[in-house]
């Protein structure tokens, strides 16, 4: 039997591809990853603890892909905790079953069970990350998602000599599940972390930590792309490298108009790509890369600094070089934060347009902030304000997690007793949101959703409140990017403020900080059917109920409908 010419060509290609790195072969390929959820002993700050990890690594493994690739990630749960993984910032077009927040799009993966997350990366390139999305397990379960452009498509900035991901996190000597469990029981604020980390390492400014320091080795006169991710639970961070200027080129996997800065601000859930141009000649010094918190709330926080070292490679190895340290803004420098975020603008060119919705179908006004619940402990006062329990809410609704996944309930038409399909478009009782707080700080509790017809264009104003103190809230929307068209301080004025909205080149993001004592306006097109979580990415506020969900209905066309659930979707 003869072999056809086509068969020989195919065989040759197959053999060739076997010896070439997958990233370099075809665009739009399928990539397989295995995530084994296991306990692992890890030591930091001279303290060893058993923690939940992916494949025994802290932080977890990097995911590499190209725009257009399909990812099949099998998660096998070998620990006693329930697990779910969220692919933060991935659009999940029609693949909501793979989004990952527990009890929103799926039941968690129980001990001894597995689930394959199956999704395609459509129209996205840049830096995102994955993390656990149940309780506080994302304190140890997180890692980078690096999405390269399609083959032959260049970056819209100079090609870097090398790329480095830097992922910020926290180290806790305690078990974070015990920390949040105790806080929810007593109604008080949870204990804070013991250190911040870069790629899992606290660095030399902490006791017993000099050996656990991230070192970035660079050559003179080169350009490096640093992919920054804030995976910390509860802190926005300032970041700077001593004696070096940073050029910001991308946030939340969206290219922006490049601008130079010495310091950047990055909230939990946000990513930032920057170009680092090294000095043209070898400097006789090393340089600290440091991060520490930006703090607006009144609660306790981890007032410490993580540091890594930028070292220049040289043929000689000089000893005892001086180490330069950068100056960071004050911990509460809101004017720096405001000026920095104002510089973020979309590229908005023909290749990378900013498709800002110009005509709005539905407008929403959400208050976001803290409040209280009555104490639920018999014969005992709680540790929240005036003996109450801390709570948090959107439009005074503190979200109650259901017992089965909202997306399943919606798909099967069994919403009764699971969720209520209306959420207040505006606060039920208007008040002076940033003035003297009202006497009654109690919130209402419920599982309420906003229902949107497919392709609704939405404008949402998120207003911080001064109830229990004004505070910055990084709000993350699943399933969508949105355009940040305006922001300001004080109360949003619907008659004056919209005239100043930027509808030409606003930054496009998936996580935005609602300014402390101010408001932010976003716009998005609800073109992705499913149930999409929106919550504060400060984990303590999410635990207290600062979260809600959008239900986007199917469109009329086949490609506008949610795909059926996979056969291995976990059961509650």
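Each residue, glycine too, has its Cβ placed from N, Cα and C.
What TrEMBL records for this protein:
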DOMAIN    38-150  domain 'Plastocyanin-like'
DOMAIN    163-313  domain 'Plastocyanin-like'
DOMAIN    431-554  domain 'Plastocyanin-like'
SIGNAL    1-27  signal peptide
Review point. Where DSSP helix means H, G or I and strand means E or B, what are the helix, strand and coil counts for the domain 'Plastocyanin-like' (38-150)?
Key: 6 helix, 57 strand, 50 coil
Practice item. Give the residue counts of the domain 'Plastocyanin-like' (431-554) per reduced DSSP state, in the order helix, strand, coil. Key: 9 helix, 60 strand, 55 coil
Check your understanding: Do you know the mean pLDDT across the domain 'Plastocyanin-like' (38-150)?
Key -> 98
